[in-house]
Structures are given as structure tokens and as C-alpha cells.
Amino acid sequence: MTSKQRKISETIREHKQNGSQKMETLEVKPQHPRTLVWRNIILYILMHIGAFYGLQRIITLNTNWKTILWCYLMIVVGLQGITSGVHRLWTHKSYKAKLPLRILLCIFNTIALQLPIYTWVKDHRAHHKYSDTDADPHNSKRGVFYSHVGWLFVEQTKDCIEKTAAIDMSDIHEDGVVLLYVICTIIGFYLPACVPYYFWGEDFWRSFYVVSMLRYALTTHITFLVNSLAHKYGSRPYDGNIPPTDNLTITMLTGGEGWHNYHHTFPWDYKAGELGKYSTNWSTGFIDFMAKIGWAYDLKTVSMEMINKRCNRTGDGSRKFDGDQEKEVNNKEETLLWGWGDKDMTEEELKLVEIHHKLNEKVI
Ligand SMILES: [Zn+2]
Ligand SMILES: [Zn+2]
């Protein structure tokens, strides 16, 4: 028995002895593992030192403008590997991609250098299926820091390990392209730093700190904002009973991933948002372009009928919905899904889905 548990039982005994009624309200908070993952802590400290040095090189005007532009371009490409690749394609199966696009997205993904595709998909499916519980790898109920990055610094809960292991990953096992990630990792991280050195004579180490380290830190924090702030600040037009929110700022930063209340409500929509305007959702623009040239197909999206029904049933009332009916008052929690292919999808969801660019349609 730990000292904390001993203290609690002593308190209970004390209350019993005193005949106090307060015992009924005594709550025992869930115990979370505090074992630190030192490998990740050290890597993140080194990453931030390197990123800070890269930032300082830019602020002190010691970096060629072409290197800064190249760094920005690599952030955009890396984010695309995350949003259109490991997120909307591999995790949520919201569209299908032919081999050349899967290879391209895998290479883009190595430039972002987050977790290997297999692990990323498994964790993210668990995040959707068991959202904001102890089985969610970055449970937002444990605080903003924990859901942003802290979850990488401590061991996962027993509940999370067991439920994540049970997630269906059969489709990922069958896709050999995800193995390319391991081979390309070093290339994706270091090669972009070589470009300024070879093509416009930038100092190699300066290029490394700006294009590899600073870029890596920025890409990581931008994507992590979706797990932290987009589970706390914003509106809940589609489901007011879940923490994820719609947040325009995060949408702009991530290229379309901040419509997070919508995304958790309909995780199998390739647009990851209702509106999908290219100005705020350029990941949708990328997938649409790939569909036009025939590399992406079976793009799933939600019909307006289903959106209206869902807003009426579970929304917080911040989005107007069609129809004259009164807004339903519903506090019932809906079944959570990880994406297209989740065995818990309802008949209605399967019936009302819209699928664009089917494989047998003519493409240009
Ligand atoms: Zn997702
Ligand atoms: Zn989320």
C-alpha cells in the first residue's frame, strides 16, 4: 500500500470513528503511472536547444533568406505528410490512395519525423475510440501540458496499453509502404538540411539548425496543438457532449485540422471539416488535386442531411441547422468511432455517406 493510499484509509477510519457523514463524499482520484520516459525527455530537450539556436540564427540575420523559405516549404510538406497522409489516409481511411501517392505521403511523413506510421495510426485510432478517457494516449482531461506533449514523457496507463493493443490494424499490416518510413527517416530529417548547403552555399550547421531542428520543433508543436488546445478552446457545433472543439486559429496553422469537433464527430470525412475551403483547409485541396489526377479515390464525406440531423441531436446550438424542428435536448453520449471501417458504424452512417471520385469514374 502506498503512503497516499494509507493516508486515505486512515482518513476513512477516522471519519468512521467520528461517525461523520463526510466519508460519503470522499473521492479517490485515478492513479496514473509516473514512470518517466527519459529517452523522450532527453530527445525533446536536445530538439528545443537546437531549435532555439536555429531561431537565434534567423533573428540575428545570419541566415540566407532562401534557407528560411526552404525551411517554411519543408514545414508545409511535412504537415501534408501528417494531415493528408498518416492522419486522413492511414488512420481514418477517409479516402484511398494509389501506390505513387502512398509513397509520396510516406516520404512527406518522414520529413515531419513524428512516430513511425504504424504507431501513429494505432495511437490516433485509440485517441478517437476512447477519446478523453484513461485509454486515450493523450487524454485531454489530464491537462493541456499532458495532452500537448507530456504524454510522451510518462508511461501509458494500463487501460491505454490494453485497449490500444486491441485496435484493428489489419489494413496497416497489409500496406507495405508504411515500412518505407523506417528506411526514409534519416533521409527525411537530414537531406533537407543539405539542400541550402549544396545549392546556395549556406553554412551546413546553420542549415541543420534552421532547416532540421527548428523545422522539426515547429512542425511538432503545430500538430500537437490539435491534441491540446483543440480539446479545450472553441465551439462544439456538432457534438456538445465531447471535449474536442472547432478552432479557426488551429485550422489555419495546421492546414485544416482544427475543425476538431466536426472531425471527432465524423472521423471518416476526408475534409476533416464541414466547409473544407481551400484557404483554411489546404490539405483538402491537396487530396482533391490528387483525386483529379487519379492518384486518390473513394473520397468519403458526410451528407448535409446527416450533418443537420447530428447538429440537431447533439450540437451545442452554435450552428444553425436546416428544418423547422425544435432543437433536441440530448445529453446522451454517442458511440465513438476511429474512422471508416470501425465495426461500430451505424446503418444510417453507412447509408448517408457520400463517396466522391469512385475508382471506376473517369479521371483527367
Ligand atoms: Zn483524427
Ligand atoms: Zn482529438
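Using N, Cα and C of the backbone, Cβ positions are placed for all residues, glycine too.
Note: TrEMBL annotation is automatic and uncurated.
Feature annotations, courtesy of TrEMBL:
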| type | residues | note |
| --- | --- | --- |
| COMPBIAS | 7-17 | compositional bias 'Basic and acidic residues' |
| DOMAIN | 65-267 | domain 'Fatty acid desaturase' |
| REGION | 1-24 | region 'Disordered' |
| TRANSMEM | 36-55 | transmembrane segment |
| TRANSMEM | 67-87 | transmembrane segment |
| TRANSMEM | 99-121 | transmembrane segment |
| TRANSMEM | 178-200 | transmembrane segment |
| TRANSMEM | 206-226 | transmembrane segment |
Quiz item: Where among 36-55, 67-87, 99-121, 206-226 do we find the most Cβ pairs under 8 Å to the transmembrane segment (178-200)?
Solution: 99-121
Quiz item: Residues sitting near the transmembrane segment (36-55): Cβ under 8 Å, six or more positions beyond its termini, same chain?
Solution: 149, 152-155, 206, 209-214, 216-218, 220
Practice problem: Compute the average pLDDT of the predicted model within the domain 'Fatty acid desaturase' (65-267). | Solution: 93
